[in-house]
């Protein structure tokens, strides 16, 4: 009143003072009466409902319950003793029939009492029972209570038969009396009757209407033509922008997109009648997405008003208008509620993408709930992650600040708080998400898993690496973090300390043994191939006579080579081929369907090796000499060929050359595939990778050299000279190639002394090749080496990580469990001496 006196002065007369005083006195009295009369009822409802629903007293609304008097405590003690006595009697009774299950929750007790009271066939009770928890939990929020009752009325409209709401009340009260015996009194009866009277009143307002509304609205919308829908969209937005001009700042899409949104909303009004439960879930998810868009809730009311006005002008049926308005209003209520509940200070800070705002928003959160404020916002059955929303919306500054906040270790007198567990539990695939959507955030995430002590002892300081969630999922299965980083393929990220530690530990303690065990067979095959094709073939090459012992050993080795190696490779290739065809992993870059597994060095090399072994098997001299050897033995010829001979009259020189070529290439390929063992040393593996990277420069050098040789060969053939031995293109091509490689005989240069023109051309060729081309190759190799050297260790670690991922697929669950047990990931690590910290190393 003093403020009115000060601001209005003489205008604030006696009558105005008395009137305003009466209004304020009435409002204050009504507020005090409501608080005194209904606050106790709401507390009783929430407390008894938590007991009946087995929620535990964790609701914020009943945290400020009044302290109990000594008389009330004595009454509760007596009641508790009676309850215990009744429980003992019930246990004795149930002991006689051990298969009888006593209801312990409200839902179980309600269904039990409904069956006892003869309402087992009343299916509509189950719909109310499904929505009863949100109704009771939101009894203090009249708007939410109205919304839940409206949605419930839509579900009740799907039930056939008569709906008698007082029947639910009787079953409900009987169930509550059974579940809350020690607290139940007359105040509980009054409170629950009062709640049900309000719910019943709200439900009766809509009972019978949804079906008529649905039919009328379906008939109206089904009769609309596309031109009418377009007119509706145009008029609706025109009216909306008149009512709320600020809406133009949010509806910036194209006209086609805006019309699509308007038509979709019209469809949603019908779907709300058809499938209300599904629509509520979809609207909750849609509302959570709009939280990130920062849409003001003030725009929903004018949008609903404008849409209803346009529909009123298009229809003359009051039922249709009422159905559309009621459904659209309910949709707007759900959306507004979702926006209000989901618009936390964290989401508002994310929309600004300012780190300072985010830190200010999260600063008020307690340590124990800080992580979930950044990771989860739940509205109804739908949830959204603020961290993922920041990543998807491009607010990477806030996303980085959120990751750093989550991975900051905090403490109080009793506990340490570290958000890594919450982060990887809420988002097990966070590594994949960051590698595909925000690679710049991988480094803060991986660095946040490392704790470094400030205390230096003997030149060292303690470092704890919390890599548990990079090794295993919460269920104990191997984590896919390494696989995702291999697919990402960044050598810098894979060289980060945390990932290096995880990969090295898994390699040394688990994978290396299984990898070596799997490659031992290949080593054995290589030894047999070298023995049969190289070491035991020299007597024949030197003209020495064959021996039966040598032939038997060669035969056994080659048969094993064909059966044990060729057949195994063939089986593996067929399996990979079928797997790629089944998964659609076919590459058509060169318009030729090529399975993707062939692009791997090992798989592609084995594919080529398979065909070389097939060629060797076809041209095998032992098969060709076998018939001749057996005939000679039957004739008892002392000079006959030995059994399993590799040299005989049946084998021509061409066959021997083809076989030897296949054999030579196969041995080279065997040794090339042996480079896979370089993975045991990062330095050797990096050297091999450097060699592979600079091969492209050598290929360019060879292309340039071949071009020069062909050019000068054809040019020299155009010269007049008297050298008969150098008259064709093939001779000059071979000669210039030998000159380039310093293999041309010195004596042949004397033949060019009397051919001055020819000698000048050859000198020019040699100068270009030896001075320009060779030095250019050296410069290219040097530059390429400097360019790739810094990343070679990373690429070597990527190679090892890919082997780890592949090998882990074949490791048994028992062996993996032993590995995890040996890692002791649940043991707590010390921060400093005597300071026991967090587990998860």
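Keep in mind that glycine also has a Cβ here, set from the backbone N, Cα and C atoms.
TrEMBL lists transmembrane segment for one of the ranges 632-652, 737-757, 758-778, namely 758-778. Among the ranges 510-532, 579-601, 602-624, 786-808, the stretch that TrEMBL annotates as transmembrane segment is 510-532. Residues 697-698, 701, 704-705, 708, 712, 715-716, 719, 721, 723, 736, 739-740, 752 of the same chain sit 6 or more residues outside the transmembrane segment (758-778) yet have a Cβ under 8 Å from a Cβ within it. Stretch with the most C-beta contacts under 8 angstroms to the transmembrane segment (510-532), considering only 16-34, 665-692, 698-719: 665-692.
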